[in-house]
């Protein structure tokens, strides 16, 4: 008998992935492709497929298309139906028109710790009685895998695991064929957040806190105080480690206090250094300290003026600042040179910052973290005032409503209600504890007030009073606050839905006290980057059309009373940055670069040439003239200003700012972030992409902000007419030929042949002279007639296929600039990194599972030094993104640097394919990838210091076997992308570090009441599977 619920889940998964619906015949084919069998309508007791589908009204809706064919559509679920109704109610109160609800199935936004694109919310806690202090996860993540059910291999699952596997399959409908090493696609928007848990940094800050509370403080108050002082959340694992930090603090449990309350006192003898305690407590403490050296003769203290200026710089970069970046930053900001002795004697800065040494071999490669400078009394008074205001605002009808907490996840889903000001956007959070809790509350209110004896009218409403409102058209009861009392009507504000309405007094009911427990669901946010234009009509109009009534993804940048956010619409193939789109609405179309067909332009400046043969240029126009004028004024402004106000301290995707290009300030847009220090930018007026450190960016000066925002990007994207390459990419030699001629010419001209408006791409004839009437003189014609282009197909295949590019056969006719560049052979004498040290068998280590195939094969990373991997990958991005692409001889079983999506990884080449692709293994993450040979670079010595962080492992405590696909799903759900405790059982050494394998027990310590040993789960699963068979 077929599983009715499983069939429904499979159908729901298929239909949700097709927003425009599926023909009935196509639905059958999609189902068979996914499950390996046809829809079993007869086994489910239905004579035809139509009758089965009609019985599943909660899953599928049938309709006839224009051609008469039966179409199948996904039925909106209860949660989305409720949200749609809420949005519709709000829009009905404001205006007519159907609301748009998008993103019904949110795209997964994984934020694996330390992949250089976000903050991890995964931490450890103690493994009771057996294990040392570790970290505790705060949230869980959902990961996507293929479904595996086939008609010829149907396996009966043990009852305990059926729900888990089936729920996993139904949650993840859109999948590619199964690949053990496949991972989810990284999100496009990236955000900077705090770095991974650093015990040394937390310890130094804890010293500061305790120095101001010498009489002790409650441990329960520590997280709040930490957040106020450092604008960051106290890592939850730090609370678990307090008892171990006897050199930092003393913990006392008063007998009269509650069991969970502890008192925290400063240690009797607090060290003045920032070095971790002892090697016994921190195994790698001696590695973290910089090498000892004799400091040169220099001042023993910093001057007050120098200390103040350095403090201002560090305050701008709360996530840390590299010490080696201080001299240039200091020079640019204060127009004076930083004394050399500062870098030679970093401990002089210890009273204004915390010093961390992620690269012990180089003491000058230190990270500086600013210390708190706020006045404690002032903070406490401000906090008290704020709490008093919040308390007064929530105390209504003699009842107190709890405050609405911001979701812990980095990318929560939100329903946008309205915005009369981008600094005060009304929205609601979607999900457990928010919209679902609200739906449950309104169901309870509807049931409660449905009884006659509980339906008490509010006789004399007063302004500010909380009430229940009977919405007759929806037959629902909603919570509201009275705003204004009139003769027969009242104006109320729906506290859970975020809009106001004038209604009859007869609809008001007394709100029972049990409905005060849920926080008001309507809240507000501020849109990052739009603060100066918060009330611009064109901005608000654009926002209303793109966001109002829609469910969007919110990236939380600052968790204040009104959080600072960037909103994304992820319902399309490409994410849409709502903030950036609203900012672009301010652009003056009359200042756009001209793109008229058959028009010719002189004095053209080619700014960049891409590897696919397209190039960007600037055409003479009003917009370009005005842009140059404003940027010249900005240049003068920066030379005259001596302040740190222009430093960018809060970067985010889509932010517009300034960066230097060839010595001059140019407009840039942040396109991607790799942690809090390294980011990718686009010079919007040049078409040039680059990777830079955040310290190289500057805010647009306020006097020029409006002018620079109004000027559209001046880079025009072009390609050479009649020279399109169907495969989609040019050879490196052809690209270099074009670069040599176009970029070196200061006075190009061009003629536009046609324009692809959808791509904003102009097909042009390019000239290095002003004789644009003769097409035979164009670079198009010269390249087409050259032997380089005549051998285009052969050279293309050779450059993208075999990795040694051959010399053209007709070398006598090929100009020197066109000859193939000989490939580089990486030096073989570079040593591999040292082997990663592991504790003896029976000892425990904190780990993170980056890849999990099955219990016989997974990859783990030691947690303790993972922040060093963050630093390393940031350095690799900065280095390799600035290097030119050169032909490279790629050899099997050699180590290289490879660009995988937006990051550079240390990889091992596993195989070279004939189509120009290379199979590589990420040595720090344990993933297999296919990349183009053009994305490989030699791995230089600087990036060979840190041991490879990926360790191949297998689970101890279970017998080796051929694990089923269902067992693999269960295993992955319990370990992949999670921080765990590993108890080392044995190590199989090998000649190469990537061939070494360990056998470990895995323990999940995230639950307060018990520790979960993963091998017990897998053994139970195998036993029940055997019994079921």
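Think of each number as a place in line: the chain as shown, counted from 1.
Each residue, glycine too, has its Cβ placed from N, Cα and C.
Among the features that TrEMBL reports, compositional bias 'Polar residues' is placed at 171-185 (among others).
Marked as compositional bias 'Polar residues' by TrEMBL: 799-822 (among others).
Annotation comment: TrEMBL describes 3-76 (among others) as domain 'HTH OST-type'. Shown for the domain 'HTH OST-type' (3-76): DSSP residue counts in helix, strand and coil, namely 32 helix, 12 strand, 30 coil.
Annotated domain 'HTH OST-type' per TrEMBL: 198-268 (among others), in sequence order. Secondary structure counts, DSSP: the domain 'HTH OST-type' (198-268) has 35 helix, 10 strand, 26 coil.
Here the domain 'HTH OST-type' (302-372) has a mean pLDDT of 82 out of 100. The annotation domain 'HTH OST-type' is assigned in TrEMBL to 302-372 (among others).
Residues or ranges marked as domain 'Tudor' by TrEMBL: 460-518.
Sequence annotations record features per position, and here TrEMBL assigns region 'Disordered' to 164-201 (among others).
As annotated by TrEMBL, region 'Disordered' applies to 270-301 (among others).
Here TrEMBL flags 799-829 (among others) as region 'Disordered'.
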Counts by DSSP class (helix H/G/I, strand E/B, coil) across the domain 'Tudor' (460-518): 7 helix, 30 strand, 22 coil
